[in-house]
Amino acid sequence: MQAKGSRGAPSLGALPFLFIVAVLLGLLPCLQPNPMLVSEAPHYPAVISGSEAGDVTAAPLDVSQAIRPLTNHTSPGHAKSRKAFPVLGIDYTHVRIPFEISLWILLACLMKLGFHVIPSVSNIVPESCLLIVVGLLVGGLIKGVGESPPILKSDIFFLFLLPPIILDAGYFLPLRQFTENLGTILIFAVVGTLWNAFFLGGLMYAVCQISGTGLDHIGLLANLLFGSIISAVDPVAVLAVFEEIHINELLHILVFGESLLNDAVTVVLYHLFEEFANFEQVTVTDIILGFLSFFVVSLGGVFVGVIYGVIAAFTSRFTSHIRVIEPLFVFLYSYMAYLSAELFHLSGIMALIASGVVMRPYVEANISHKSHTTIKYFLKMWSSVSETLIFIFLGVSTVAGRHYWNWTFIISTLIFCLIARVLGVLGLTWFINRFRIVKLTPKDQFIIAYGGLRGAIAFSLGYLLDYEHFGMRDMFLTAIITVIFFTVFVQGMTIRPLVDLLAVKKKQETKRSINEEIHTQFLDHLLTGIEDICGHYGHHHWKDKLNRFNKKYVKKCLIAGERSKEPQLIAFYHKMEMKQAIELVESGGLGKIPSAISTVSMQCVHLAVSQLPPLSSLSKDKEEEIRKILRNNLQKTRQRLRSYNRHTLVADPYEEAWNQMLLRRQKALQLEHKMNNYLTVPAHKLDSPTMSRARIGSDPQAYEPKSDSGNLPIITIDPASPQTPESVEDLKGMSRLPPSPEEDEEGLVMRVKESSSPGTDDVFTPGAGDSPSNQRMMRCLSDPGPQPEPEEGEPFIPKGQ
Amino acid sequence: MGCQSSHPSAIPELEEIMQETGFSQASVVRLYDRFQALDKEQKGSLSKYDLQGIGELAVNPLGDRIINAFFKEGEELADFRSFIRVLARFRPVEEGKSKETGRPEPMNSRLSKLRFAFQLYDQDSDGKISRDEMLQVLQLMVGIQVTDEQLVCIAERTIQEADQDGDGAISFEEFATSVEKLNIEQRMSLRLLK
């Protein structure tokens, strides 16, 4: 962690590091053994941490200086003699556990922060390596102090650190690519892992049998167990490394999918060999049972996940009134799925992934936009912190654990691991390519083989072995750690230059356009049709059947209200529009509009207009001016998102702009009223454009006028509502006034109609029902509070809530 | 599929078909069996009615268009040659085959696949997908649950996104560009049609 000069002032870069070092030193005395983190050190006096915490922010402390105060303060002790009532007291034991946990997490976050302040280092070395180094340093420091550093206990790892990462991966799994390559992924995961385990186990047994190494006492089964522990590709490590190299999606999903799905195989093999290692003989029944248990574990895990996913989706259907806790449902149900699967010794990872995958489409259709964002950020945050903690602990555990170094065993493990992986990938790819449409090139194969990183799961599994049955546990652990270090450091560091060298295709960072969406669906239908003509029940056929089943039955149950009938294309379109609108707002462009939205809305409007009877020609520039005004106003209405009622205290900046525009409009309207009184000749056509434009802009929000607003103009932007034919005719038949010069300044204005009662205009508010647009708007605005604040003095009241 | 497999010699113009489409003999035989199975009246060619008899095509939104693609302009019957020509488009692309200049574009190349898809959009064969044609496709695919206005907006948006020369319609080149990222070779290939 040298603050090497890079861009920016070196001194400025050094400061965070000094701070970090100081924090580390401040941590030393606080790292006491507690029930969570296993260690055998004597209990430390609690008094110290209070005083030490104060010293942390000063200049970097000398280690010895830190130690001396520790020993000095032990003597006074806690002799509670009769003295005055303590105004200020210290009770560290009371808060020790949460305090230490928080300190560790804080350390992890500060590390992450530190690495990004120094970009030069993190460009060469992947973050995971740096974190392990930090862990090593911290562990070394703790040991140097004389304490025994905590080891990553398996329970904590499997119950708390691993699930967030897996949930994050599963919830945001790119389903389309995953299912397209599912066969390949499964073969790599199942057959590949089996091959690795047996190959490695067998070879290690052979090595152990070589006389002179002192390893003959390790039986075949123990070796096979070791092989199964070390052969599994680790999702955490893969994610950590692959995320930084931005490799193309196919390779990413192949390696990552493999790392996720091999959990079932690992669990089965591990339990199998752990049981059998005690027996001398393995009968055929045992093998058959093992084989069976594989299916039970994997399919059972998936089943549990699916059940929880469906329940979560169903629950989310009713959460429209308490939007605040929606994200919590997602997290809790997924975690319960994981725990339930672990309860039955099923594959927790597969349960987690299955639940995330199943619940996602339905939950996303039901929850509000804000909840969606919350879920996304929470998952990213938790998984990021977890990952960091895991790597740091890996480093610390290396220092802390008991090691037994045996050159033969460890070196041969390393070599055979690599060989097994390469052979496995090559062999399987040769087999798989016969069935794939898009073959895997040798470059792809190389990356897949090279990306088979081992990580903390292997370590934790090794740690779980007990000493009774596995006396060579220490050696196993040492070997596991060596392999992990090798793969993470060597392979992790070199994969990026290799990817560049081999010119492997990188990920294309583009958003999905509506074109792609439409064409994708089009091609799906086309291919399904062709398959049917060929009489072949292929991939597309079953996918189509599943989609139809989903649409007909499942969506109705699990999605609230009108959204259940919304076709995927429309949902996609609206999501896209919403995203663009929000982006527009965020980029601060209240006045600027990306041409896409505006011209389209204009063209949208134009099209609708062209369906109406031909207009008498407006002069070109007048039309342009009207268009410009409409453009501006349509944008502003789109931006109108309701602020939180209960939980945010910050005033919504957009509300300000909105209020101002409303005031402006009101003034303009009053002016208009005066104008209207003089005009008597109805000339309907020219007004229809204005109103139809107002109506048919592409704004997803709809407003209903206040019933007692009298002659106040009503602007309703309700493009997506089901228009009744009558209302369209109504429009045509209305008598209107010619546009006046003032019209240009007024924006969206509706002339007061003689025919219908003011305030309730059925042309503009097609219904108080749950039309899709209203629903959509409700989802947008209905977050989170149950009571809307009516805005006084405004003719525009958001509907609903 | 038919219960008895045809003998290769029973298939007319087998060699030329294999040459033109690139299918292996086994595939041609298999497709010929299918052709005969569909041809209920054994007249040696397919009518639209035969193809419409396939149950799943009836629920396919693009069913009619696909069927029409097999028949040339104005004709009522399709012989085996035309049948297999259409299916040749969906043959997987062979990797590693270098482009030999002078050879005609293979029927299953990416460009041919795209052209076929384009033709399904472009019903009036004017070389462009107009707004109305896009609207029609959208109505087929999404149609009943959505209002016309929404579809109009989407169609507009689609055209606007893809249209680069500003003529308000999507030409073949623009279409090809907009599906660049879609991995057409994989999407428009059926593995069984080797």
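In case you wondered, yes, glycine gets a Cβ from its N, Cα and C as well.
Feature transmembrane segment, per TrEMBL, maps to range A:445-464 of the set A:325-344, A:445-464. Beyond the transmembrane segment (A:185-208), the same-chain residues lying 6 or more positions past its ends with a Cβ under 8 Å from any Cβ of the stretch are 178, 215-216, 218-220, 223-228, 230-233, 253-254, 257-262, 264-266, 269, 408-409, 412-413, 416-417, 420-421, 423-425, 427-428, 431-432, 448. The transmembrane segment (A:124-144) and the transmembrane segment (A:407-433) are not in contact, since fewer than 3 Cβ pairs between them lie under 8 Å (pairs 6 or more apart in sequence). For the domain 'Sodium/hydrogen exchanger regulatory region' (A:598-680), the model's pLDDT averages out at 58. When Cβ-Cβ distances under 8 Å to the transmembrane segment (A:156-173) are tallied for each of A:101-118, A:407-433, A:445-464, the top count falls to A:445-464.
The stretch from A:101-118, A:384-401, A:445-464, A:476-499 with the most CB pairs below 8 A to the transmembrane segment (A:220-242) is A:445-464. Within the chain carrying the transmembrane segment (A:407-433), a Cβ under 8 angstroms from the stretch's Cβ atoms is held by residues 183-184, 187-188, 191-192, 195-196, 199-200, 203-204, 207-208, 210, 213, 215, 226, 230-231, 439-440, 444-445, 448-449, 452, 454, 475, 478-479, 482-483, 486, all 6 or more beyond its ends.
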